[in-house]
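Take a look at the structure set out below.
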Amino acid sequence: MAAAAAAGSGTPREEEAPGGEAAASQAQAPTSAPGGVRLSRLPLARVKALVKADPDVTLAGQEAIFILARAAELFVETIAKDAYCCAQQGKRKTLQRRDLDNAIEAVDEFAFLEGLFQR
Amino acid sequence: MAERPEDLNLPNAVITRIIKEALPDGVNISKEARSAISRAASVFVLYATSCANNFAMKGKRKTLNASDVLSAMEEMEFQRFITPLKEALEAYRREQKGKKEASEQKKKDKDKKDSEEQDKSREEEEEDEERLDEDDQNEEEEIDN
């Protein structure tokens, strides 16, 4: 089982952490396989709500919702790491909003976020 | 009360956990930064949805499917996500298949059990008849399916 979890995770830290389970105060989608591979942490219902918010979208398949949830997780990891690089340069140990702003400006893929954080 | 789409946030606890696990130990995140990431994630989903929907419409489909989303990732220049997403998709499909098979198996077992019980009671009746008739009726094929 552990092997399956390890093999299945191209992404970091997919294995179950008992502490993590206990810390979940929000409702989690029951998407963990019996083998212990947690496929998605984000609740699919919320992701689905976002998808449905688009007036052009008629229907979305379950697999599509799942992949979007997983992609969102990867995105969060990615942007957190990129922002951390900026914080590290400032020798800080706490990620600040400005680190995010810097990351967004610096990384091309994050261009769609520009203007999101206008105060 | 209409909410703007970007107000539909993903749960803070989950976002925080994902961030913390992505970063080295001991690194913290300010509340502002965390909520900014959360909003960014929502916008990401919206943007990806819109992109994926374009692919679906091109294919004259009304339902978004997994490959639409993968195409959207490429379009958005998040190619690095594509491989892990494909792996996750396969694992998800296996799980779904496993669940389906498990419930089908359960159903089969239940049906089998039910019919076995029926057979058993029929057999008992047959045995009674045998004793009475003293006929050689030990062929179960007598029972019509």
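All residue numbers here begin at 1 and follow the chain in the order shown.
Each residue, glycine too, has its Cβ placed from N, Cα and C.
As written in TrEMBL, here are the features:
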- A:1-11: compositional bias 'Low complexity' (COMPBIAS)
- A:19-35: compositional bias 'Low complexity' (COMPBIAS)
- A:41-104: domain 'Transcription factor CBF/NF-Y/archaeal histone' (DOMAIN)
- A:1-37: region 'Disordered' (REGION)
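Mapped onto DSSP helix, strand and coil, the domain 'Transcription factor CBF/NF-Y/archaeal histone' (A:41-104) counts 45 helix, 4 strand, 15 coil. Mean model confidence for the domain 'Transcription factor CBF/NF-Y/archaeal histone' (A:41-104) is a pLDDT of 92.
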